[in-house]
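K.L.:
Input: one structure, supplied below.
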Amino acid sequence: MLDLKNLQNNFDEVAKKLKNKKVDENILKKLAELFASLKKEKTALEEFQAFQNKFSKELATAEDKESLKAKLSENKSKINEQSAKVNALENELEEIAHAIPNIPDECVPVGEDEDENVELKKVLNPSSFDFTPKEHFELGESLNWLDFVRGVKISQSRFCVLKNEGALLSRALVNYMIDFNRSRGFEFVNVPFLVNGATMFGTGQLPKFKEDMYKVDDEDLYLISTSEIPVTNLYSGEILASETLPIKMTCYSACFRKEAGSAGRDTRGIIRQHQFEKVELVSITKPEQSDSVFNEMLECASDLLSSLGLAHRHLMLCTGDLGFSAAKTVDLEVWLPGQNKYREISSVSNCRDFQARRAKIRYKNEQGKNELVHTLNGSSLAVGRTLVAIMENYQDKEGKIHIPDVLKKYF
């Protein structure tokens, strides 16, 4: 959640940045009106309170005590009424603020959508073939690794069953990713896949993205769309010791998304599924640590791809493509020869204090004052998409898949 004081004191500047992130101008106009009303009603409340303080002190020496008592009693009622007005405005402001995204960093390019993201660099050269490479779903069906028909039968569309060496390769990737991330200093944690509404709110999924979440009927429980949600909220409502920061964690989980806005996109294969697996990086830092930890996380995910021999590129997301909670995001896109293009396989984001304010995660700074932490998250990596990348990049003309050397010990 945004700092409402900063929003009020620097409204025009912040509003301009939020417009770049596609915040509705009517919402910004409503906020401006609420801030003006709140200022007016607070001023009136302060005047009533000042009257009460001044004349309460004079009551003992007043000549007409009964008259003054009556005035003070009447003024107290006005204070109660005015306090209710102020509280109602503050609650309305906070409710609107819950649905307003984070402010983009200064380094984030202004743009409308993914077409205006900025390529930062390419890592490794794409694979070359002396034959036309197949897409992963063709390979998966011919090798009996991917069973889409039975996945749909037991669930619905956008579900798949992994079988035989495909399932083994997926398991090997999970173990390798966890080991790789741990070697970079990230502590492995295992968390529930079902979390409560407060946890969903803390990282920004609720209330804005409620329609894309799977909820358990009659219970305050949601299936997670990423392990960023439970891992970040492990420290919700806590005040951390300065010397414990940064906290760097990695976690494997299944992820569940309705993909409400993805009709017609990636309908074949396992690129976009309602259930998929991911190994995540999550960090909690002091404000002055978050930029360097962001670079560590990005390097970890990129080096992991390189260790698998997968060509990829770094993209800085523009304001129009930036996620709700993120102040800055760099995507990693892996080369898929079957599709003849790069596809997203990781997003690394710095959320600054946006999630920490919602989840109430603080630390005691060097001056002994409680200060909001910064939170960061990133995929290292999306398991299914890494499986896709290996299948397409390591195929031969007979349709067989060769296993990267670093994974062989996991079979």
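Numbering starts at 1 and runs along the chain as displayed.
Glycine is no exception: its Cβ is also placed from the backbone N, Cα and C atoms.
As annotated by Swiss-Prot, L-serine binding site applies to T226, S227, E228, E280, S379. Under the heading ATP binding site, Swiss-Prot lists R257, K258, E259, E344, I345, S346, S347.
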K.L.:
Over all pairs within T226, S227, E228, E280, S379, the annotated L-serine binders, what is the largest Cα to Cα distance, rounded to whole Å?
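P.N.:
10 Å is the greatest Cα spacing among the residues binding L-serine.
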K.L.:
Mind computing the max CA-CA distance among R257, K258, E259, E344, I345, S346, S347, which the record assigns to ATP binding, rounded to whole Å?
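P.N.:
Of all Cα pairs among the recorded ATP binders, the widest measures 19 Å.
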K.L.:
Have a look at the binding-site residues T226, E228, E280 and say which one has the shortest Cα distance to R257 (ATP binding site).
P.N.:
T226
K.L.:
In the same chain, outside T226, S227, E228, E280, S379, whose C-beta lies within 8 angstroms of the Cβ mean position for the L-serine site?
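P.N.:
Output for this site, in sequence order: I229, V231, C251, S253, C255, K278, V279, L281, V282, N377, G378.
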K.L.:
Other than its own, how many Cβ atoms are within 10 Å of the Cβ belonging to R257 (ATP binding site)?
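P.N.:
If we count other Cβ atoms within 10 Å of R257 (ATP binding site), we arrive at 20.
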K.L.:
Rounded to the nearest Å, what's the C-alpha distance separating E259 (ATP binding site) and S227 (L-serine binding site)? Just drop the number here, would you?
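P.N.:
For E259 (ATP binding site) versus S227 (L-serine binding site), the Cα atoms are 17 Å apart.
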K.L.:
Work out how many Å separate S347 (ATP binding site) and E280 (L-serine binding site) at their Cα atoms, rounded off.
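P.N.:
E280 (L-serine binding site) has its Cα 10 Å from the Cα of S347 (ATP binding site).
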K.L.:
Using a Cβ cut-off under 8 Å and a sequence separation of 6 or more, which residues in the same chain sit near S346 (ATP binding site)?
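P.N.:
Sequence-distant Cβ neighbours: A301, L305, D331, L332, G378, S379, S380, L381, A382.
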